[in-house]
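For reference, the structure is listed below as structure tokens.
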Amino acid sequence: MARSGQPGGQKSSPKLTNPWRRFSSALPRGRLKMSSIFYLWKTTFKNRLLDLKNHPSHLVVTILMVLFFGFALVTTVFTPGEDMPLSQGQNLPLLGAILIGLFLFLLVTQIQKGLSSGGSFFTMADVNLLFLAPVSPRKILAYGLAKQVGMSLLLGFFILFQGTTLRSFFGVGTPGLIALFAGYCLFLVVGEILALAIYSYTRGEDKRRRVVRAVLYCFGFLMAALFLTTLFKTQNFYEALLSTADSNLMEYIPVLGWTKAFTMGLIAGNFLKALVFLVLLIALIGLIILYICRSESDYYEDVLQSAEKTYTTKAAAKDGRISDTKDASKISRKKTGIGHGHGASVFFFKHLLENRRSGYLFLNQFTLICTVVAILASLLVKEHISLVLIFGMLCYLQVLTGAMGRWVKELTLPYIYMIPQNPFKKLVFASLESVVDSFVSGLIIFIPCGLILGAPAAEIIAVIAARVGLATLLSAGNILIERILGNMQSKVLVVMLYYLILVILLIPGVIAGVAVGLIAGSLAAGLFADCAVNVLVALIILALCRNLLHTMEMNIQ
């Protein structure tokens, strides 16, 4: 091949020409480095628009998603009501405790990721294109940070849906909602940068990993000691928890306390305090970036493993290969085979086995966490909680996680189509695991909580039945989504439309439950009515979608 400097260099075969060379030849030398990044941004945005043009269903769902977000924002901003200054309210410590709990969970998750695979702002497309381009590593890192800021803004939109709740319980108006949004996004950015820095520092060094864990344990012991000291003084778990979260010492903990102090300072109108902690966070971000750029470890290599692992996990999840989404080194192969079931019932026992391997017995990890949290809440703050409140929170979480049923993965595999049995029967058994899981978890959660809180037996049975009815409706909603959209690639858009349709499906049960509850004057009667209507709607959906498995081109990739 002729060199690029020779007259015939540009007429070489396109298959042997570096794509960045042809791009850079049309640009002035001073604009080359940043123009490569802008070119990648522009091309990515253009491809997304072309995808919407070529897939009308994607465009419709995108429009619905924008309208949904817009409605939530407009409802939050223009909802009538007085915004009480939060600094004068009694729920300020509670909101601070909630923020501390959320930030602590996210921070521990990010640190664990930094100790294992590291954080990554880049995708495999960035690795294959941008890392090979003649662009400064610092500018590539700035590009990754900008992408992470955009992703954080997108993830923070869920706060908009809590506007009415925040206004009712905490007196938080539109400015406070914006403050929560800013604090959450800022924390996500700091967490990702911190994970990358920890991975760069500890990569291949067990001694350094132990140092990071020791520092983490020291901060954990500090918070535990602060809580136990307050508990000894107040002799009340709930008050000690709020006092600890609202203490000045908690605000001096880097990242966790600083972000909480910045957010609460904005909400309470203490802008000087918010500015001080914002400066600290920005300075911390600058120091971490400076360390990454000047460290001996090449961050290209640091992010490559994480980007590749993330890409592999997403591809495996999209293809239904559940086992490939986990670290193969941590899988213990003591026993193979399902061992139970025949025909369509094999899928039910297969899902129970997957739950047992990912959790304990036949309950998954999420169900176990909900069980422990609900029982602890009933024991420790029984004066401020009720069985109906626990039921409402669990239903809320159940709706948020209802789109992740195991049966959805079965539709991307050939086995469910190959079993020569009735398609309706196969659908029922494939989606039965989530219903059984809800029933068993309902027994484990609501019976102890009901006995601790002194709830009537009829109310305990009613909340268990209502939880099972909701699980049945969620499974049917998944089937309906699969029937409408088939194998749509954009899972985010599918989930958004799933929630929109689910709200419509929940309306008949809510109306029936409220009507029966008011007429009978009993909460249990209303919950039983809601369960009956939800099960009826789910059976109708299953009957209408019974031939879903015959339309194989909708589901097979």
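A Cβ is built for glycine as well, from the same backbone N, Cα and C atoms used for every other residue.
TrEMBL entries are annotated by machine, without manual review.
The feature region 'Disordered' is assigned by TrEMBL to 1-21. What TrEMBL records for 59-79, 91-108, 140-161, 181-202, 214-232, 271-293, 360-381, 387-408, 429-454, 460-481, 493-519, 525-545 is transmembrane segment.
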Given a Cβ distance threshold of under 8 angstroms, which distant residues of the chain, six or more beyond its ends, lie next to the transmembrane segment (429-454)? 344-348, 351-352, 355, 362-364, 367, 370-371, 374-375, 378-379, 382, 385-387, 390-391, 394, 398, 402, 405-407, 410, 416, 460, 463-464, 467-468, 470-472, 474-476, 478-479
Stretch in 91-108, 140-161, 493-519, 525-545 most in contact with the transmembrane segment (271-293), if contact is a CB pair under 8 A: 140-161
What stretch in 140-161, 214-232, 460-481, 493-519 has the biggest tally of Cβ pairs under 8 Å against the transmembrane segment (525-545)? 460-481
I'd like to know if the transmembrane segment (140-161) touches the transmembrane segment (181-202) in this structure, counting it as a touch only when three or more C-beta pairs sit under 8 Å and are separated by 6 or more positions. yes
